[in-house]
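J.: Have a look at this one before I ask anything.
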């Protein structure tokens, strides 16, 4: 029992440590730049902070070249704490150029830390335990995002950005100290660097040779187009409506995160009952329809209660979409390269979403929020058409196993 509790403790703490920097880079940075008065164009470009996570597959073999994954994990957490503390200076002086450089550095460090955590998890636990603790991984990761875009943003509103970033830095240093003492020593690595690079190349080759891959790639690339446009502008839009850091932290950080988790769980349940083929179009349609709710908010500017309901509905719909995407990506995973196939699919989706989100601010600044959200809905229509006409060869019979939903890759 004691050993099981120790295992539970380090799984929860490592995946919390994985989720917190991701939230800082992808969510809290947007809140910070918005509160500093950055333009819509600049805020949209912050989406490109996500590129290190999108492309981390390409330097993942380097993790095995130096030291072991436990050491990588702890060193990255110490560095992430230091980099987070560096944000205090640009926060106090509103130096957005310096803040940008620090967030970019944090993104690369965090993506490397993610690979260390995921690799350590696979090294230490057998497949049965990996499955048993998958829910804990998801919960810890989502709690970290709740703390980041919720509690830390609220703290910034109540106190200051200095308090926010120093608190986050202290968390990372505390986690590093905890992990130094609690993490079991990993087994010695047995793979060679050349074999790892060859495996990546072979995974790409087998991935693109699957039946119906052109349809699959089109769906993966277009699935998040409308959502990515909308997500990039939600925070500045709420700021435009007059809501400050505390209210935004409650709405998007707390309410949105909780309903997003609920949507992912509900989506997984629906797919497990109806199968992906039957659930694909309805759930994709709900995800796309939610974008129109923001167009209505921009037009009607209703009370905060309606804003909260809209944010909750949209995040619930996004959670449903996440379930669809995860299962669709999992069904593209074949043979001995299943993990790499999933990483390839999620990277393709993420890169496409990052690029779309990156340029969304230019469009929003040009046309206004009402027209922008209508255009975001229009960007979602191609994925709806694909969902309705998807070839049957892309659906597998075994659709009962729904993978864990919580990775930064999605």
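The chain as shown is numbered from 1 upward.
Keep in mind that glycine also has a Cβ here, set from the backbone N, Cα and C atoms.
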J.: In TrEMBL, which of the ranges 6-28, 29-51 has the transmembrane segment annotation?
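T.: Within the set 6-28, 29-51, TrEMBL attaches transmembrane segment to 29-51.
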J.: Short question: most Cβ pairs under 8 Å with the transmembrane segment (138-159), which of 29-51, 204-225, 279-299?
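T.: Ranked by Cβ pairs under 8 Å, first place goes to 29-51.
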J.: In terms of Cβ proximity under 8 Å, which residues at least six beyond the ends of the transmembrane segment (372-395) contact it?
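T.: Distant contacts of the transmembrane segment (372-395): 211-212, 215-216, 218-219, 222-223, 225-227, 229-230, 233, 275-277, 280-281, 284-285, 287-288, 291-292, 294-295, 298, 331, 356, 360, 363-364.
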